[in-house]
Amino acid sequence: MDHFLYRDGALYAEDVPLAEIAAAVGTPFYCYSTATLTRHFKAFDEALAGMDHMICYAMKAASNQAILRLMASLGAGMDVVSGGEYARAKAAGVPGDRIVFSGVGKTRDEMRMALSGGVRQFNLESEPEMEVLNAVALEMGVVAPVTVRVNPDVDAKTHAKIATGKSENKFGIPITRAREVYARIAEMPGLKAVGIDVHIGSQLTDLEPYRQAFTKVAELTEALRADGHDIIRLDLGGGLGIPYERNNTAPPLPKEYGAMVQEILGHTGCEIEIEPGRLIAGNAGVMVSEVIYVKQGEGRDFLIIDGAMNDLIRPAMYDAHHDIVPVVEPAPGAEQQPYDIVGPVCESGDTFAKQRMMVPLAAGDLVAFRSAGAYGAVMSSEYNTRPLIPEVLVHGDQFAVIRKRPSFEEIINRDTLPEWM
Ligand SMILES: *Cc1c(COP(=O)(O)O)cnc(C)c1O
């Protein structure tokens, strides 16, 4: 459930009409709901209430400072995948011991940054990375807490670009090699293994792949303990999917996920960490855009809108579906017609939907892309010198711009000319 609902014929974000925000900030823009973000965090927190646990919000889904502050205030830690994200977590006031550092390509500089600023653990993804982190920690005279991300070789049954738990993917260390790798870590004075990490993909709509992966993690926990390692923490990654299409079957709920985790891993007594991103932010955000032209093509009508693939790349990149709804509520039973909904960028890939049934729309009408809160604003670019679109946060009947639209001048002034020109 989210807090983007029609009320008196208009689409609202909580208690604010989206049309009012559009009038104040211009289109296109992203809009997030505080109540929805909070609700999603709490759903996970309650689902894991029976176990010692920590929810490390995967900020790569939506990393605005205001969202991070909100998450931290609810008790979230953070999962970061770059030095920049680490800096964002610290800037939002998150203490180092609540920040988990993930990612396949951590650099020495990023390791130093996290070791000096404090880190809960590094999730290691390869043996070369292990050697480098050991060396960096020894140089600094510290011991780095680590887990190894194991690749359980399960099929997450999700889009190929976001599946990460098959042996052919670049992520983690094959689970079959884990005992050897932990034995090696035990010999490294700069590293201390504290647990095991697994993350098999994103937008999972079925619990079965999780069940298979976590069963392997439970077995590995026993094996590593028998080998003398002190496994106290299990990081289960993120990945729980969201319903992008309202009328389709719903993915599992956090409650069902939590019950499964308890069943398979509860007996280990380990602290459970999870790293949800999409499920927290996805349905907590919309992108609002205005129709610029309605163009009659041959055999099809195009809605040309002011949002484009640089603002929301998911349809172009993952063939993703977003529900697109008019901001003015259609009359019940109103007739619909098919539209191709496209942006102004000079690429055929700049298509949000083909032959989508909508009520008739005209230039100047507003539409909202649902489920755009995760992997939306964070993946946007200024391709075609289209300014990054603003982000707005709603809280009850208030709203605030939490990232403003840059001016053309600000964009151009980021370039610098060489001296010889
Ligand atoms: C992307 C990612 C997540 C978050 O995935 P969601 O599908 O957004 O929940 C969590 N952990 C790691 C290591 C990731 O790469």
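The backbone N, Cα and C atoms fix where each Cβ goes, and this holds for glycine too.
Note that the coordinates shown come from a computational prediction; the quantities given were computed from them, not determined experimentally.
According to TrEMBL, the protein carries these features:
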ACT_SITE  Cys346  active site, proton donor
BINDING   Gly239, Glu275, Pro276, Gly277, Arg278, Tyr375  pyridoxal 5'-phosphate binding site
BINDING   Arg278, Arg314, Tyr318, Glu347, Tyr375  substrate binding site
DOMAIN    29-373  domain 'Orn/DAP/Arg decarboxylase 2 C-terminal'
DOMAIN    35-281  domain 'Orn/DAP/Arg decarboxylase 2 N-terminal'
MOD_RES   Lys60  N6-(pyridoxal phosphate)lysine
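For the pyridoxal 5'-phosphate site, the Cβ centre of Gly239, Glu275, Pro276, Gly277, Arg278, Tyr375 serves as reference, and the other residues of the chain with Cβ at most 8 Å from it are Ala58, Lys60, Ala61, Ser202, Gly238, Leu240, Leu279, Ile280, Ala281, Ala374. Taking Gly239, Glu275, Arg314, Cys346 as the candidate recorded positions, the subset whose CB lies under 6 angstroms from any atom of ligand 1 consists of Gly239, Glu275. Per the record's binding annotation for pyridoxal 5'-phosphate, residues Gly239, Glu275, Pro276, Gly277, Arg278, Tyr375 show a top Cα-Cα distance of 15 Å. For the domain 'Orn/DAP/Arg decarboxylase 2 N-terminal' (35-281), the model's pLDDT averages out at 95. In the three-state DSSP scheme, Arg314 (substrate binding site) is classed as helix. Among the recorded positions Lys60, Gly239, Glu275, Arg278, Arg314, the residue whose Cα lies closest in space to that of the residue listed as 'active site, proton donor' is Arg314.
Taking the C-alpha atom of Gly239 (pyridoxal 5'-phosphate binding site) as reference, the shortest distance to any of the recorded positions Lys60, Arg314, Glu347 belongs to Lys60.
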